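To start, the structure under review is shown below, and the notes come after it.
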Amino acid sequence: MASARASIRGDRPIPATVRAGGHTVRSRPSTVKRSVAQSLRASLDDDEESGRVRVAVRLRPKNADDLLSESDFTDCLELQPELKRVKLRKNNWSSESYRFDEVLTETASQKRVYEAVAKPVVESVLNGYNGTVMAYGQTGTGKTFTLGQLGKKDKSQCGIMVRALEDILVDISPAFDTVSVSYMQLYLESVQDLLAPEKINIPIVEDPKTGEVSLPGLAIVEIRDLGQFLELLQIGEANRHAANTKLNTESSRSHAILMVHVQRSSKLKDETEVSSQGNNTDGNISSQHVSMILRSKLLIVDLAGSERIDKSGSEGHMLEEAKFINLSLTSLGKCINALAENSPHIPTRDSKLTRLLRDSFGGTARTSLVVTVGPSARHYSETASTIAFGQRAMKVVNMMKLREEIDYDSLCKKLESQVDNLTCEIERQQKLRDDEKEQVEKKLKDYETLLSEAENQLDFFQLEVERQQKLRNDDKEQMEKKLKDYEVLLFEAENNVEFLKSQINEQKKLRDAEKELMETKLKELSTSLSGAETNFASKYERLEMEKSELDIEIKKLMEELNMQKGQNDLMSGEIVRLEMCIKQDKMLQNEIEELTLNLDQISKLNKEAGSEVQSLRLENKKLVSEKEFLNKELITSQEKLSGEETKRKILQNELAKVKGLVSNDTIDHETKMPFLSDIGLSNILTLLKSEDLDVQIHAVKVVANLAAEDSNQERIVEEGGLDALLMLLETSEDPTIYRVTAGAIANLAMSGSNQGLIMSKGGARLLANIASKTDDPQTLRMVAGAIANLCGNEKLHMMLKEDGGTKALMGMVRCGHSDVIAQIARGIANFAKCESRGISQGHRKGRSLLIDDGALRWMVENSTAFSTSTKRHIELALCHLAQNEANAVDVISSGGIRELIRISRESSREDIRNLAKKALNSNPAFLVEMRKL
């Protein structure tokens with residue numbers, strides 16, 4: 001029977017994918033051999049990767065030691081929970097970005113941590129899969145708080161252990177399901193029972209067939225309610241080894257493992273399916289169902305913290321404990337590395353910890369890991385090591401298997417009950433068979449009646465269908481008729497359109513005809529005018545001839561009058577005739593005048609007609625030229641629009657690439673060079689001139705990130721990036737542009753070759769202007785950082801003073817923000833150090849340029865008011881200023897002697913103390929003042 005159960009046990013594999021990392025990750029099934037994951041996935045946070053080890057990072061809040069840190073940058077970590085990224089800062093300007101499945105800030109609640117880290121694993125355990133939740137990190141970073149906090153005073157502070165058991169107890173059915181727990185610790189490479197502390201050196205046994213690990217003799221307690229579990233957890237915590245170190249007042253000196261065993265009744269399965277798995281050939285129960293039970297196990301592992309002896313101060317027996325802790329963690333790290341790199345050998349037997357966790361990494365369990373880190377830069381190496389451990393663990397993939405087997409006790413009881421029921425049912429069926437026969441005959445008659453009624457109803461329905469078909473046909477005819485009417489209306493509308501087009505053409509022809517008629521009339525008028533001129537000339541010649549003839553006759557008559565005075569009667573008649581001729585001559589003169597007037601009117605009309613024709617011709621030419629000009633402009637505009645559209649599409653594509661690569665002002669170092677080659681620096685700089693503010697901001701962020709690398713700075717300056725950034729500072733009104741542009745210039749100002757260019761192009765003046773226009777701490781921090789970098793070049797000091805750079809640096813003190821004050825102090829220290837070096841080399845004389853802007857008095861008044869790093873910069877600057885004898889009067893009048901004495905005694909750095917002593921002893925005026933004090 002036992003062998004049959006072993007053969008029918010249902011360890012069914014659930015396929016799981018692995019992350020994209022270039023390697024196939026090995027996973028460990030229930031047998032000794034490990035299987036390789038079948039496929040790769042590119043995304044780390046794909047919910048379907050149920051078999052991959054899920055890793056979350058949790059940041060511990062600052063403690064008193066972190067607040068007293070002496071590093072230049074207090075925090076070495078920057079969390080980006082919305083991007084699931086962690087930035088690890090080496091210094092103020094260099095950082096590395098890592099991605100995790102979850103990023104939990106210092107304000108994340110215990111409930112949020114449980115839901116993000118452990119709840120999916122607990123749900124898998126309730127569904128029949130093994131699961132592991134583990135905490136890893138430096139000592140004192142909150143592993144035990146995350147996992148084992150009991151929440152006695154405040155239930156919201158309960159850790160993962162309490163919340164997991166609470167969810168399991170709520171979900172199970174007490175009548176059918178059972179939950180039991182074991183609690184142990186691995187101390188000095190020895191397994192000890194925390195619920196029964198007398199049990200030590202418990203052996204670890206592996207099943208040679210299944211590879212499962214068991215601990216014979218380990219106490220297993222069945223849990224009925226949460227209160228009972230909390231009591232057991234308190235007993236285990238009281239028995240766990242802990243000690244007080246420099247890093248943690250209650251440092252765990254052992255690895256604690258809570259093992260939760262869950263047995264649940266599963267859904268019913270067809271026994272034919274089970275029989276095929278267990279080679280059961282009994283066909284009598286093939287139509288029945290078999291109850292299955294799920295036997296799953298949850299491990300909650302609170303690892304002891306890794307520690308450095310020089311930092312923790314461990315000695316004596318604690319030193320021995322630290323050695324065993326670090327050795328077991330090292331063995332665990334080797335196994336993780338081997339699994340991540342697909343190594344053929346996994347060194348799980350190097351320590352008892354890796355043997356206990358062999359199913360959690362590369363095995364069949366669903367595993368979730370939370371790595372805990374602190375914010376202090378003092379522990380940068382430990383934090384970096386913890387982050388690297390989490391990154392490697394994300395590459396490990398397990399082959400999850402359902403822990404399911406047949407419930408044989410329930411099956412036997414069910415089969416016996418079914419046999420009894422079937423016997424009674426056969427006897428009852430035999431007795432009722434005759435009665436059923438009579439009832440069947442009666443029902444047959446009833447069915448025949450119903451069949452006839454159904455046939456009648458079928459005929460009625462057929463008639464109704466035909467009527468509905470006829471109605472649909474009528475509707476179809478009406479719709480076709482309406483469609484034809486609409487087609488007729490459409491045809492008439494088209495004819496009307498054609499008629500209107502013909503009318504327009506006729507109107508055009510009429511206008512052309514009228515134009516031709518006017519030209520014809522003009523020609524006729526010109527012809528009639530020329531004919532009238534010819535007639536006038538002929539009539540005028542004829543009148544002249546007649547006048548000359550009359551003159552000759554008058555002369556003859558006068559001669560005859562003189563010769564014939566006596567012939568009066570004859571002469572009188574002749575005189576009368578001559579008078580008539582004279583009258584006719586006057587009448588001819590009047591006709592000539594009228595003809596002259598008519599000729600003038602005709603000439604005037606001719607000129608008016610000519611001018612009108614000329615104006616019409618000019619207007620026609622003007623309209624033709626305007627038409628040609630408009631056509632050319634239309635073509636030019638179309639070409640310009642086409643070019644702009646092409647350019648816009650290119651810029652949109654480039655902008656999409658920029659937005660895809662820029663996420664929260666960060667471009668990974670590995671993607672910068674391919675990014676430059678794909679898009680091109682010139683195209684990125686072109687985007688700085690875009691009219692879209694969002695495009696400008698993203699482009700400046702990209703340039704700022706590229707400028708952080710020394711290898712990119714020369715190209716940025718050569719291709720006009722510096723000029724574009726300075727232009728943005730001068731023309732933009734957007735505060736975000738101010739901030740990111742100042743940051744980019746600060747990165748460029750780190751190079752000495754760029755500092756002179758920035759000053760010559762008015763960079764200090766623009767930065768000073770921005771400092772006077774904004775009160776945003778982040779913007780002022782960037783501006784102060786840029787000016788502080790420029791202060792490190794002695795050749796630029798006078799120009800920096802003239803452009804208002806030093807005055808702006810001191811003016812930003814009004815902000816009061818610690819990061820801004822830190823940059824101001826760094827800039828003053830750079831300025832004073834360069835001045836001191838110039839004086840010692842002999843090419844610099846006179847009073848310091850900083851004193852006029854109030855830097856000395858501010859340093860004396862605030863030398864102890866800020867953080868350690870800021871205070872160190874102020875002390876260094878004050879010592880350098882005191883070395884210049886020209887500054888002695890100002891140092892004395894501002895009370896600087898007392899500060900120099902304090903620095904020489906209390907400064908945290910020996911070199912600054914020596915520098916203060918040197919300044920006090922080398923100046924006679926200072927010695928006199930010291931005697932007075």
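Our numbering is plain: 1 for the first residue shown, then up by one each step along the chain.
Note that Cβ sites are derived from N, Cα and C of the backbone, with glycine treated the same way.
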From the ranges 1-44, 89-132, 485-528, grab the one TrEMBL calls region 'Disordered'.
1-44
Please work out the number of neighbouring Cβ atoms within 10 Å of the Cβ of Gly142 (ATP binding site), leaving out its own Cβ.
24
Using a 10 Å radius on the Cβ of Lys143 (ATP binding site), the other Cβ atoms enclosed count 27
Report the DSSP secondary-structure composition of the repeat 'ARM' (720-763) as helix, strand and coil residue counts.
35 helix, 0 strand, 9 coil
Local Cβ density at Gln138 (ATP binding site) - other Cβ atoms counted within 10 Å:
26
Output, ordered by sequence, the same-chain residues six or more apart from Thr141 (ATP binding site) with a CB under 8 Å from its CB, or 'none'.
Arg60, Gly305, Thr372, Val373, Gly374, Thr386
Using a Cβ-Cβ cut-off under 8 angstroms and a sequence gap of six or more, which residues of the chain neighbour Gly137 (ATP binding site)?
Lys143, Gly305, Ser306, Val371, Thr372, Val373, Thr386
What is the number of other Cβ atoms found within 10 Å of the Cβ of Thr144 (ATP binding site)?
24
